[in-house]
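Down below is the structure, laid out as structure tokens.
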């Protein structure tokens with residue numbers, strides 16, 4: 001495409017321009033100069049023009065490949081629910097409560113480190129590099145879990161603990177890299193960005209639970225009482241989904257938002273914290289509360305169910321009830337995906353926390369009556385989980401990726417998710433103690449639902465006060481506000497990828513990508 005044609009089309013394609021008041025000598029080849037006071041403006045008309053072109057195939061593939069492997073994360077998070085029962089039957093002398101907590105928490109601790117490290121890498125290196133690293137850790141961690149061995153059973157469980165930590169690092173790395181990439185890709189040409197984001201992130205993540213139960217039932221039928229083959233196969237299956245999209249992730253291109261707004265050198269973290277602390281407080285606290293409830297329930301749901309049914313060692317029956325529980329919880333994802341663009345993220349989250357209050361209190365208060373009817377107990381339990389999926393499960397990732405500007409989006413998301421996983425660790429540790437309340441398992445399980453309702457109350461308060469009502473059509477608007485704030489504060493660092501980085505981030509075999517990058521450059525000075 002000729003330069004003349006690029007210039008002719010530039011007016012309709014550029015989403016953002018820069019105005020500068022010159023207070024002294026200026027140089028057109030400098031992006032930021034101390035002698036200029038820059039002001040970025042947002043072009044809504046260009047955004048509408050871009051959306052009118054429909055969804056591009058490239059954007060759809062990026063969204064799908066970014067989020068699809070999250071089904072493996074959901075699988076890994078829920079596979080321990082059934083394997084806790086398997087290990088307790090196969091190794092009753094070694095696999096006690098402490099060992100169960102150790103193996104379960106290893107994944108959560110690894111997840112925290114993965115979110116921390118890759119959250120920063122997502123902003124400082126690239127979205128693509130972060131998502132490829134996440135895939136590698138998921139594959140190798142799952143494979144080595146399946147290969148765990150030792151001279152003693154205790155030694156084997158220590159290797160399993162370490163490898164679950166490696167897998168957890170991959171899971172944690174997936175959260176910021178996949179979610180941020182999917183969010184920015186959806187922003188390119190998708191009108192209902194919230195629904196698209198949820199359908200490729202939380203829906204696969206939530207489907208991982210029922211998927212784990214289905215795989216368990218199949219493998220259990222094949223292996224019968226060969227428990228060693230059962231649990232090793234279950235871990236090995238976790239490699240499949242990340243491997244299935246690895247090739248496509250290697251071919252992903254960098255989003256226009258990241259090319260235009262990345263800050264790789266001297267990121268202004270302190271200014272970002274001053275600007276975004278209310279939103280960060282809202283996302284971290286609500287994510288902590290959600291994971292404090294949902295992770296222990298996911299890991300120990302089979303334990304809860306086994307204490308409700310008569311035969312506590314019938315693995316097939318426990319898995320079937322666990323599958324029903326996951327199946328009831330799954331529709332909440334689709335309900336939330338439908339509501340999120342209509343009601344907004346804030347109000348959809350409120351619905352989820354209110355569901356915790358309602359169903360948590362119903363089951364908690366009437367526990368001794370409800371537990372006598374297993375089907376009713378599973379339905380009410382599943383509806384509580386479904387509300388969590390519709391609200392916080394769907395929206396927390398979306399809010400955490402949209403509340404922060406592109407230069408710090410991965411970092412803000414990573415910190416929010418880290419605090420969430422701290423809540424998961426605390427909830428998992430607290431679960432064992434809660435079960436001892438009242439001197440019986442029934443009394444303790446009753447309190448797990450009451451505590452979930454209490455978390456719902458606190459969640460409603462923090463969501464109402466600190467979560468913004470995000471209905472912005474374009475993520476570029478938040479980028480413009482943040483960059484203007486940085487300039488007003490006197491920050492003069494470079495914004496956007498440099499020329500050599502741009503060339504590396506664009507696939508040279510696709511001319512349209514190179515043209516789009518040239519047309520999207522925001523460096524356009526106008527003297528007043």
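Easy rule for this one: first residue shown is 1, then count along the chain.
Every residue gets a Cβ built from N, Cα and C, even glycine.
Source: prediction; values computed, not measured.
Lifted from TrEMBL, the feature list:
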- 14-39: compositional bias 'Polar residues' (COMPBIAS)
- 518-528: compositional bias 'Basic and acidic residues' (COMPBIAS)
- 62-471: domain 'Major facilitator superfamily (MFS) profile' (DOMAIN)
- 1-39: region 'Disordered' (REGION)
- 497-528: region 'Disordered' (REGION)
- 103-122: transmembrane segment (TRANSMEM)
- 129-149: transmembrane segment (TRANSMEM)
- 155-175: transmembrane segment (TRANSMEM)
- 196-218: transmembrane segment (TRANSMEM)
- 230-248: transmembrane segment (TRANSMEM)
- 321-340: transmembrane segment (TRANSMEM)
- 347-368: transmembrane segment (TRANSMEM)
- 374-399: transmembrane segment (TRANSMEM)
- 447-467: transmembrane segment (TRANSMEM)
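Across 129-149, 155-175, 321-340, 347-368, the stretch most heavily in contact with the transmembrane segment (230-248), judged by Cβ pairs under 8 Å, is 129-149. Remote same-chain partners of the transmembrane segment (447-467), defined as residues 6 or more beyond its termini with a Cβ less than 8 Å from a stretch Cβ, comprise 278-279, 281-283, 285-286, 289-290, 292-293, 296-297, 304, 345-346, 349-350, 352-361, 363-365, 367, 384, 392, 399, 431, 434-435, 437-438.
Below 8 angstroms of C-beta separation, residues 66, 69, 72-73, 76, 110, 114, 118, 121-122, 156-157, 159-160, 163-171, 173-174, 176-178, 181, 232-233, 235-236, 238-239, 242-243, 245-246, 249-250, 252, 410 of the same chain, each at least six residues beyond the ends of the transmembrane segment (129-149), sit close to that stretch. Between the transmembrane segment (155-175) and the stretches 103-122, 196-218, 321-340, 347-368, 374-399, the greatest number of Cβ pairs separated by less than 8 Å involves 103-122.
At the 8 Å Cβ cutoff, the transmembrane segment (196-218) and the transmembrane segment (347-368) share fewer than 3 close pairs (sequence separation 6 or more) and do not count as touching.
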